[in-house]
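Engineer: So that we are looking at the same thing, I have put the structure below in structure tokens.
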């Protein structure tokens, strides 16, 4: 082992210089923390992000804004070690020439014989080296050459914390306590370097170095202090430091930033479209804006809801112009067909509430849908139907069993047992045209307020043109007749016709003058035709023969699917209860009187389909006064009712009959006083017994009024009838 010492004066001067350098570069970490108000913070921030100009706030807002207070620190999170004493190598340049020389001899020749340095061999050094320099090399480069030779033979030269050089194996070197230095302070030998980072994070820098540095070189990746602790040879550390210097720059200062306010579009929707163009994720997607694509990493789109603006960050300023052009295109004023707008539709022929309920039940999923009909017996509406093998009954939406539950988009309601209503679901593709439509009825002005796009309004307007039409009306002309069943009609009209004409017939009844075919006489005509359409018989019940009693001929006009009610008659008082009380010498009798309707009552509810077929629910009753009951002293009431549901074409009559009533009366007449003598009274009196049999016939003729012209024709016809009416003198 060769030992050498530097001159004492030179060593002392180097130590003093190192201490002075440390005091200048590393201020004390115990320095007091200063409290400074921020001045010009906005200008500094604007300058840090490049040339993009941020919008300035109004001066009034600046006056009201509270200035932030910043407490600046020392920017030091670690105390850097003192710089190691450099090895001063002086002398002439040296030429090296080794041929198959043992590695140990080469180490001794370089360190001891040439450089006069102390060293320790901790590990047997094996191997032979051939080294020849063409020209002499400086002495300060000899340690680097020797370190390369040792590393090629899996041997490391470690400079210990005491300054000595230790020659050992690579595995042992990592378990030793090598010297620690700051950036740029490493000398020859395997050392540990602490590298604080200014701008880039320690994790990102480590990821950049991993392809060129062994995993064992990363002793520590400290994200809290943002530093790297690396171990390696002088050559390795020098190369790594060059890479760190390349990437550890102020990234924000090199970024170009643009803030683009939007006027017509939403920030998130626009950001999603731009990120899709750039190949990145959506604004709300995993990974953040701009993640997921190579080009998306160069341009980051950040939506700011509060400002309804897009923040664009890119390392290339020319991208701002391109992205800004697309933002302007996407934020253009929307087409009227796709922009939502409030439309007002004046209702012409119906009520706004009715149309609003219809539209909301379709477009907004509200309202109830009911049906009294049923097909099959399954509540799901599918059993009882024949389906081919391998085929299914398909429907849009989901099915529920309730018949009266509100129907919503995406659901299928069973309207009665087995009848399913199919609607387009709000989550499906079919409803993209009609979703988010709002309809409100203005009853005071009879108008509809519709909030929809232009395309949606066109669809709704087309439906309104078919719904907002003149309501169909029906004129109900009724004739309530009482026919005396005499002279072959004792068993009723139906029995007479059936037995006289056979079972193959169809019939209708109407007033004379409306019968087609042979002219009927004045009064009531009952016409019957067989299936061939030929007239089989015409029965003329003449009013002058007292065979027909016209009770009432009411006529009323009613809207489609509405109820018409007619009552012609009187209210007759009826005693319902009677009781007496005795108070002293006075008897008090209290009677409760109620009133009962008599006469004719007719209730009709027509329903007209597209073929002008009228379905009518008919309820008709006739109440007459009867004789006085001998036991109660109350007058009896004779009531005849008909309830039916029939279907008939417009202007065709339907006849309802068969209500037969028998009235038996007995009249005793004779010589007064003598007719009351027992035993002899019969000689002076006579008794007349009369049986009167009648049948109630109701003839109803509906007439559909579906247009204004038809209504005018009916009005003209009624005026003509009034002009041809004759006044009849009635004796008082």
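The backbone N, Cα and C atoms fix where each Cβ goes, glycine too.
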Engineer: Do you know which of 324-365, 366-407, 408-449 TrEMBL annotates as region 'Disordered'?
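Structural biologist: It is 366-407 that TrEMBL describes as region 'Disordered'.
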Engineer: Labelled region 'Disordered' by TrEMBL, one stretch among 23-43, 44-64, 65-85. Can you tell me which?
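Structural biologist: The range carrying the region 'Disordered' annotation in TrEMBL is 44-64.
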Engineer: Give the residue counts of the domain 'GspD-like N0' (96-162) per reduced DSSP state, in the order helix, strand, coil.
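Structural biologist: DSSP composition of the domain 'GspD-like N0' (96-162): 26 helix, 21 strand, 20 coil.
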Engineer: Take the domain 'NolW-like' (192-250) and count its residues per DSSP category (helix H/G/I, strand E/B, coil), listing them in that order.
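Structural biologist: Summed over the domain 'NolW-like' (192-250), the classes give 25 helix, 16 strand, 18 coil.
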Engineer: So what's the average pLDDT for the domain 'NolW-like' (344-469)?
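Structural biologist: Taking every residue in the domain 'NolW-like' (344-469) and averaging pLDDT yields 60.
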